């Protein structure tokens, strides 16, 4: 699947260099995520080819630190 991987807080992995981004690509390809490619889109790391089990934004009942 494709999407924004999330932190335990429910927030997207943030990034600042839009487009091709080494940090996002590395985050997406981490073994537990299984992604094939990652880049920075709307200041969040967007991943392609994630494992179905990888949590992606938005998470149900998690609003990125807001209550």
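Using the three backbone atoms N, Cα and C, a Cβ is placed for every residue, glycine included.
Just so it is clear, the model here is predicted, and its values are computed rather than measured.
Positions annotated as domain 'LCN-type CS-alpha/beta' by Swiss-Prot: 1-65.
The disulfide bond annotation in Swiss-Prot covers 11-64 (among others). Mapped onto three states, the DSSP output places residue 64 (disulfide bond) in coil.
In the three-state DSSP scheme, residue 40 (disulfide bond) falls into the strand class. According to Swiss-Prot, the feature disulfide bond maps to 15-40 (among others), an assignment based on sequence analysis.
For 24-45 (among others), the entry in Swiss-Prot reads disulfide bond. With a 10 A radius on its CB, residue 45 (disulfide bond) counts 24 other CB atoms from all the protein chains.
Secondary structure from DSSP puts residue 47 (disulfide bond) in a beta strand. Annotated disulfide bond per Swiss-Prot: 28-47 (among others), in sequence order.
Contacts of residue 64 (disulfide bond) defined by a Cβ separation under 8 A and a same-chain sequence distance of 6+ are given as 9, 10, 11, 12, in order along the sequence. According to Swiss-Prot, the feature cysteine amide maps to 64.
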| field | Those disulfide-bonded residues of 24, 28, 45, 47 having Cα within 10 angstroms of residue 15 (disulfide bond) | value | 24, 45
| task | Could you list the residues of the same chain, at least six apart in sequence, whose Cβ is under 8 A from the Cβ of residue 28 (disulfide bond)? | result | 5, 35, 36, 37, 38, 45, 47, 48, 49, 50
| Where residue 24 (disulfide bond) and residue 40 (disulfide bond) are concerned, what is their Cα separation in Å, rounded? | 6
| Any idea which of the disulfide-bonded residues 11, 15, 24, 40, 47 has the thinnest Cβ neighbourhood at 10 Å? | 11
